Amino acid sequence: MPANSEPSAVAEFSPRLSPKLRALLQDRERMLGMLMSNLQGVVYCCLLDADWTMVFVSEGCRALTGYAPEDLLFNKRISYEELTLAEDRRWVRQLIETAAHARKKFDLEYRIIHADGSIRWVQESGFPLFNDHGELVALEGFIQDVTARKHSEQAARDAEARYRSIFENAIEGIYQTTPHGQYLDFNPALARIYGYESTQDLRNSISDIQRQLYVDPEKRAEYIDIMQAHGEVRNFEAQVYRKNGDIIWITENAREVRDRDGRLLFYEGTVEDISERKYYEQQIEYQATHDMLTGLPNRTVLSDRLQQAINFAARYGNILAVAFVDLDQFKFINDSMGHHVGDSLLVVMAERLAQCVRDSDTVVRLGGDEFVLLLCSLQKIEDVSHSMQRILAAVAAPCTIDGLEFVVSCSIGISVYPGDGHEAATLLKHADSAMYKAKQLGRNNFQFYTRELNQVLTERMAIEYRLRHAIENEEFLLYYQPKIELASGRICGAEALIRWQPPDAPLVSPLSFIPIAEETGQIEKIGRWVLYQACLAANRFQRILGRPLPVAVNVSPRQFRQRDLIGTIAETLAATQIAAHTLELEITESCLAHDTPQFIKTLHGLKALGLTLAIDDFGTGYSSMAYLKDFPVDRLKIDKAFVGNLEHESTDAAILKAIIALGHSLGLKVVAEGVESGQQSAYLLQNGCDEAQGYWFGQPLPETEFCELLARSNADDGRRPQNPDPYDRADPDDAGNAKANPTPRARPG
Ligand SMILES: Nc1nc2c(ncn2[C@@H]2O[C@H](COP(=O)(O)O[C@H]3[C@@H](O)[C@H](n4cnc5c(=O)[nH]c(N)nc54)O[C@@H]3COP(=O)(O)O)[C@@H](O)[C@H]2O)c(=O)[nH]1
């Protein structure tokens, strides 16, 4: 029963009621009282006065306010006005009174102060009560505690505010779209990423993401496919247009959002601008796949591109040409003019090569002065030749660097798919072989790969491999060929000539391995060995003859460029204890043509040591007369090509005469090489040639045999033993002269 229960109406009117009805009503009254006292809230009746004076309060008051119903009845302990939170009182009153006077129900939520001091949210619904005269007399209603609901609502609002703040202030773009590509919602960051002034600007501008946003509209279809398959997209990278038309890279992470029944509502996701990362990735990728100097694709991409080209040619039945291009004499320019000139030259050549081919072709810089061209979609082999002629001409056109004009040529080797191979590595190897042949054939030309060439190169590679251990295995020998003083017929020197005796194989001529040793750099080691052995031999020759016998050693161009050449020679002379003038160095004309400051310095350094310097093979090289004047050389060795044809070619005879005269006029001794007949010998003697060398006087011999020759000649007063003359014919240059005496008896030296 309510604590404020008054005498019940049933009791009041019971005398007038039948006992049955009275009992029924009393039962109802009891039930109502029990219901009210168990209600989660307060049923009340109050006056419309300043205190909201309660005239009836149900038992629920205790739980709601912490006060007993009788505490509130007639404001005995506290009024309801006082219970109401001060901040809410005014508007609560205003709202209730307005409703009451308007004879309307009211429904409102506000706060009260619980007896324990805590603030509780209540919800009150009520209506006004009027007397028989229609005068407003009281209010009746129900008040319940909604604090928990209010708190969860507040929590939800707080959470919403927090999420909204994150949404609004996120750096990443956040969006919701329909599956058909319309925006439902998005944050300011998204507008910012896409370059719009505001979210409204973006909303007004983009109505179809697929068409207006993605650079490649297929990307949206791809996005939808992934979404449909997995319910989400992860790290989806695409290029999109910004408002101003710029293209940026974005990455998206998104998912489907469905309702409880599984119906798709929208997609929601995030967008990040990854343009900067992409830029750096592209930079790294570019650097890994391109040559930084020329901007051409580099070796890393070659095999991929070549494989693609092979696949393409195979599918369409085309010809594919792989061209290996190597600039001629680049190293010389690079070394002599400096690397900046070399670099500029490479850039120019790279541009020229790229201009000579079609867009579908590829030009790769392998490194150094080597390039590879992949010429695709060719119909016939003549097309390759035409392209190569174009390239030769383009490369050979003069180019100006730092105000200096350079003309370089190139050597090109070509292999063709499918004839020369089906695999990338084979085609490259064969093109490289062909390029090597082009170099050997005098540069500035192109050569197609052939099977025979392959054979030659296989042998070359075998030599190269075996050469590496030839010194350690003591497989080299030195032969010595006598030099004769023509006037006296005496042996006046020897030329040391290397031979290679591999185990279980015939003797190998230096012509077969010296060029390889030169190219691979092994010549430096071999050259040191020759020098040392020749000096040791010179020592032995001196002991046999009782006087020094000059020994000539060939120095190849690469050896000559060795930085420590002078030091090596000085050490060798000291170690073998021979006088410097006993050693003669034979330098080829082509070597002299490299008249760099370093080269001239080396020549003077060698001369300062006291060595004799000879120009070998004179007449076959660049034949610049300038170096004869300026370089500190002592001898000219006329190439055997001029001597061998003496009897048949009157021009050769004339050239011989001229060279002898030229050498003498410059104060040089003149030596003729390759003298094979008495006639030649006689002609040379008649024309004042100082010395001669050749089979007529003696073949190159192993050291022991040469020592025997020396011993015999010593016994024979210094003259070499006589040879029969198999070519004893008239001098072609001087028909009036009878047979020349091939071996004039000379006085001992
Ligand atoms: N860098 C080095 N080069 C060397 C060395 N040893 C030799 N060589 C060079 O190899 C080339 C071939 O030499 P080789 O087969 O020894 O031929 C020499 C003579 O045998 C040959 N010769 C001598 N007389 C005659 C002759 O009457 N007729 C004829 N047809 N050939 C003859 O000439 C070669 C000597 O030439 P050159 O050196 O120009 O005087 C050759 O280029 C050698 O230089 C080495 O140790 N290092």
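Including glycine, each Cβ sits where the backbone N, Cα and C put it.
Per TrEMBL, compositional bias 'Basic and acidic residues' is recorded for 714-732.
Annotation comment: TrEMBL describes 47-103 (among others) as domain 'PAS'.
Look at TrEMBL and you will find 106-158 (among others) tagged as domain 'PAC'.
Taken from TrEMBL, the feature domain 'PAS' applies to 159-228 (among others). Here the domain 'PAS' (159-228) is broken down by DSSP into helix, strand and coil counts: 39 helix, 10 strand, 21 coil.
According to TrEMBL, the domain 'PAC' annotation covers 234-286 (among others).
Annotation source TrEMBL lists domain 'GGDEF' at 318-451. Model confidence over the domain 'GGDEF' (318-451) is summarised by a mean pLDDT of 92.
Here TrEMBL flags 460-714 as domain 'EAL'.
Look at TrEMBL and you will find 712-749 tagged as region 'Disordered'.
Ranked by the number of CB pairs under 8 Å to the domain 'PAS' (159-228), the listed stretches 47-103, 234-286, 318-451, 460-714 are led by 234-286. For the domain 'PAC' (106-158), residue counts in helix, strand and coil come to 12 helix, 30 strand, 11 coil, using DSSP.
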